[in-house]
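Following: one structure in structure tokens, then a few remarks.
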């Protein structure tokens, strides 16, 4: 049986769940799938399928990013269930970068917790433009005043990070109740999805720009060749287009895309916002790796030295407790990978304090596909300590 074609008649939007560990992100993801599938007479994606990343089994925490799809009457959604645990902020960064909007899940029994704040901050850094709130586990709280208090706390926290805390939708429900088929909670999931439909605008896709896709994963299909997966950041990729593999190596490699698929369906082309697998001609599994980008030939080049405007997280935001000096060597997280780099401070600046905003020069130990405006995080030992944006390429 051949693969069925992907239906493009509905607008396509990328969303995802964020929030503190055990507040119910994965349960809500499964509940949305269950409630919408029931309404449309389709098969739902089960909790175990979403939670079923291989690493999962040992620790009962979601590590790998799960991608599922579902539809409302108005839209087709691709949903990433972002890992909630602090150890896996790395995945949060790759996950959150894939969202046109996020559903922030906060348990009514706990209220906002440290990772709630961290995920809101990361959403602000990686450019998640809209957040809708789902207050979960409200069936476990009898006190109406307490619910109002938690809602107020969430709204204030969002406002603190420049999201419109007073205006964005907050839906109160029970993900588990909805997943178990209880009508009153199923209704709340429908209400949530109506809010997502209405509040998260249809994204302005970057289809007019030159094609680029950060490589998230690579695997080989026997007899067909090498497939690179990722989310198309901009432009359009058509079957038989020539593309370049850029970054991490000195010279860029040219190849031809011989096939495009999304959600196991074949496409004639992929466009900005699509999560795809691109089949590459004449490329071996070792010629390409996570952290590189696929791009229209000549449109983006690899660089290792640039000026950037950075914000260094304060101690309160989970950043460093002490200043850093010249020759500081953290990791710089670009799109899907960490690269070590050396920081050169501007003349007359001896040190940079947590909470500072400064322009400085960064020299990476390997090249990355970058251009003005490319965003990145600064990390040490897996912990985000800053965020930045490229302002000028030097070499």
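Any Cβ shown, glycine's included, is placed from N, Cα and C.
Among the features that Swiss-Prot reports, domain 'tr-type G' is placed at 10-204.
When Cβ atoms from all protein chains are considered, those within 10 Å of residue 25 (GTP binding site) total 28, not counting its own. The secondary structure of residue 25 (GTP binding site), as reduced to three states from DSSP, is helical. If you look up Swiss-Prot, you'll see 19-26, 81-85, 136-139 marked as GTP binding site.
Taken from Swiss-Prot, the feature region 'G1' applies to 19-26.
Per Swiss-Prot, the feature Mg(2+) binding site maps to 26; the stated evidence is sequence analysis. Of all Cβ atoms in the protein chains displayed, 24 besides its own lie within 10 Å of the Cβ of residue 26 (Mg(2+) binding site).
Look at Swiss-Prot and you will find 60-64 tagged as region 'G2'.
The region 'G3' annotation in Swiss-Prot covers 81-84.
Taking Cβ pairs closer than 8 Å, the region 'G4' (136-139) reaches residues 23-24, 27-28, 105-109, 147, 172-177, 185 in its own chain, all 6 or more past its ends. Annotation source Swiss-Prot lists region 'G4' at 136-139.
The CA atom of residue 138 (GTP binding site) is located 17 Å away from the CA atom of residue 26 (Mg(2+) binding site). Each of the binding-site residues 19, 22, 138 was scored by other CB atoms within 10 A of its CB, and the lowest score goes to 22. Cα of residue 19 (GTP binding site) to Cα of residue 26 (Mg(2+) binding site): a distance of 10 Å. Over the region 'G2' (60-64) the predicted model carries a mean pLDDT of 40.
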